[in-house]
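Structure first, commentary second.
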Amino acid sequence: MALKINGLGIMPEDTRICVVMVGLPARGKSYIAQRAQRYLKWLSVPAATFNVGNYRRTNAPHPPANFFDTNNAEGERQRRAAADAAITDMLKWFKSGGVVGILDATNSTKERRKWVLERITSEGIEVIFVESRCDDEELVMANIRDVKTSSPDYVGQDPEQATLDFRERIRNYEKVYKSINEDKDEDHLTYLKIMNVGKQVFINRIQDYLQSRVVYFLMNLHIRPRSVWLSRHGESMFNLDGRIGGDAKLSHRGEEYARKLPELVRESVGSDRPLTVWTSTLKRTIATARHLPKHYNQLQWKALDELDAGVCDGLTYQEIADQYPEDFAARDEDKYNYRYRGGESYRDVVIRLEPIIMELERSEDILIISHQAVIRCIYAYFMQKTQEDSPWVPVPLHTLMKLTPRAYGTELQTYKANIKAVSTWRGKGSTAKHEDPSPEGGI
Amino acid sequence: MDTLLTAEIAVNAPRYRRKSSTFIDGIHDVPEEQGNLAPAQLYSTMSGRLFHSGRIAIVMVGLPARGKTHICVSMARYLSWLGVKTRIFHLGDYRRATVEGGHVPQDYFFPNASPSSVMLRQKILKKCRDDVYAWLNHENGQVAIYDAVNPTANGRLVLAKEFAKHDVQTLFIESYVDDQEILKENARNVKISSPDFYGMDPDEAAKHYLKRIETKIPVFETMNEAELNYVKMINAGRAFYYNNVSFNYLSHRIVFYLTNLHIKSRTTFFVRAGPATDEDSYKADAPLSEEGKVYAEKMTETLLRHREQERQTANEQGGTDIPLRPLTVWTSTRLRTVQTSEPLKEAGYRVRQRSQMSQINPGVCEKLSERAIRSMYPEEVEKHELDPYHHRYPRAESYHDLAVRLEPIILELEREQNDLLIIAHESVLRVLYSYLMHCSTMDIPKLKFPRDEIIEIIPAAYQNEAKRVHIPGLDPRTIPGSPEDIRIYVPHDNNANIPPIPGMSSPEPAEVPIASRPPEKIPNMAKDMVSDKVADED
């Protein structure tokens, strides 16, 4: 066991968990795995996903459906070898300090689960099985069309043909599929079974806090397709002056953006389907949302308020550098962890945003109008930005972002309002009021 | 009518107190001012309702002896901690207020009860529900927990419909137990002190009691209503089934909490770390001083002796040989707390370190005297005096920050099944204590944990109870205050109405000679308050 020990033999508690996915193909397993990993990493828990399909693909890049027939001995052997390779790599990763590993595969038989359980627990790692069950044929087909035809297995193939082939592949799995504890002889396992996209959930034998936390997150997930829209408030009077924080009103151009926003949103949504709008409790976001159609439901969250700059609230970067030179330097050195005097750090903001992320995960069609630091944290969650990078991401004013989570990553589309605004981005060490973001890494 | 009602409540429901000392679990208090009971509230809304969840009724389902009251009280504790305005409505309280002693007719729970029993039942239900609505509508309540048996599917459907009519979302929580061992254990724990079973063998008493429930409530249908939102907690949390029609964040959060809850009884002890060589520095993380090592030895000795005494007392009362529950020790990752646990570790006890439990960060106040802080940060001191709980000195943590950081610890505290000794800094003890004993945020920064006392918190289904155990023979200089604490002025309480808190209201070492003070127990009023609850059957 790789344990962190300090000079005096002090050993912090270590729990290591392997989340083993279970379920037929096209039940959103990869999606769930990827979301769980992203959430844990966002909360600073080392997490990684090991996709057995990727290991199998190195030997069989574009397998036909009958490769997955259990009577196909060669196919069976190759799939077993892929699972073995994935687990070996995962165990190696645990030894190097991993905390939550996710094994993404179908694991659809009792024998396979037993084998996986034994291999992993023998290394002192806890196992929790997570099964996604779905009997709604329509939802499954939608998932196949949406995800699987873009899967690496079907690159360059006719989508219609791919869908049919994939349906055939699933039938081969269905022949041997056993839901966890279906025969009542797997009651000793720790598992979470999510049925019909979270309509029913069964939780069995949770052993510790981290497991309960993972289960809690997964209960909040749904696998229906949806998007999240993000926008900063319109340009404010403080933005014009290059001042941070405060509760200023919108500038003329900011007002213009507020009036343009409904059109921009409709263009992005593609229909009159209403969104739910979340703003902060500050004037500038509420004002930005006020021209949106009446049938859009609007809610204000304190948790969406801008990062609290404490004593620096209302100052320009130049003033901060003059009045608090040490702080100014300390912040650039570790922007994620730096906490303003009497204020907050990015880490603090992430912690207070956790309920928002939970609520986002279980909702559909949300438009968030908030502030630079807060949008950065939410953006980092969806786009898997590291803690070093996320506080520096340029989030321009007067731009609407549409984030669409997919099984293999989040898709980003931006819609510019084409209304001029100052830049509020600031490079490391700079005290410029309005600086153009460096071309690379921008949204 | 009004006075009559007040009198009735006073007589029949002593738990609706206006104010209690911090040594009594405040979970059933009805506070006069609002907003002081939300240690870890993440944000506030105009309506005072959190998570953009509307108003919610949590309706308990389950036969007696399934740990319902324990679940209700724990849930209320956690939700209040998060800042959600929560109140429990025990139907049993209303029964007792309506019928003397709560002695309802024999057929009260029968499906084919006589018309007079049905009338009585409806009268009691109506009164309880009227209170629920009044509280949600006029007192800005958010979560009403309705504690009753609710045995039939039909009754539950009607109830959900009625709540929906009042724009209240319903979430049912059933505690379902078919494991005979758990049933017996519950019956033993909760009902053993009832006079009916006095002198009876505990196992025998438990069996009698369970039999009596069956006769009294002949029909019970476990939840299977597809159209209702419900959580079924199976065998005290071994498994959960969760039927989700229209849940939101708050409901998920409740389930998250429940997955960490268990219904076994265990004790929590709090002690301070011993004094260190460099008391004033937060950053230094100094080891224990010589006195600190002596403290660690004496504390360990006293604790182990106390546990043994408790066991003997329990055996004398219970008549059987009950073994000691195992003891787990938690410390922070700060050196002095770890070293304070050394003697216990050597004695073979399991010690775990938790990084979240490190002391409050003093920020700029590190190493400053109160006077220096006053002269350097007069405005901050002013703000601090107004709201010592939420105010944050430059670069420091507020108690609120600390509470939010400790939330995972709270959940693990609930999860722990062994007896637990927590060795931590006074600031951490204050916050954890306030969770278990439900203190007001105004009181939390003032709680005192002198070094010569072990605080013992004994859980009971209805409310927790705190005791203190004196550690004799310590150097008086090491006892008071918290030398490593931030020396920040905390305003004295001007409210003369608050009775001096026993044991916690600064008994100056000069007034009470330490050596002569006997090991003492707090007069336990909690027990009298729950005496009527003990014999209660639902």
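We number each residue from 1, going along the chain as drawn.
Note: Cβ is positioned from N, Cα and C throughout, glycine not excepted.
Residues A:R232, A:H233, A:G234, A:E235, A:S236, A:M237, A:F238, A:N239 are recorded by TrEMBL as substrate binders, and the candidate that the same record lists for that site, out of A:R273, A:R284, A:R290, is A:R284. DSSP gives A:S236 (substrate binding site) a strand state. Fewest Cβ neighbours within 10 Å among the recorded positions A:H233, A:G234, A:F238: that distinction goes to A:F238.
Per-residue pLDDT, averaged over the domain '6-phosphofructo-2-kinase' (A:13-225), rounds to 88.
Looking at A:R284, A:E306, the recorded positions in this record, the fewest other C-beta atoms within 10 angstroms of the C-beta turn up around A:E306. Note: the substrate site is recorded as A:R232, A:H233, A:G234, A:E235, A:S236, A:M237, A:F238, A:N239, A:R284; in the same chain, A:A248, A:L250, A:S251, A:G254, A:L397 also have Cβ atoms within 8 Å of that site's Cβ centroid. Secondary structure at A:E306 (active site, proton donor/acceptor), as computed by DSSP, is coil. A:R284 (substrate binding site) sits 6 Å from A:H233 (active site, tele-phosphohistidine intermediate), taking the CA atoms of both as reference points. Recorded residues A:F238 (substrate binding site) and A:E306 (active site, proton donor/acceptor) have their alpha carbons 13 Å apart, per Cα-Cα distance.
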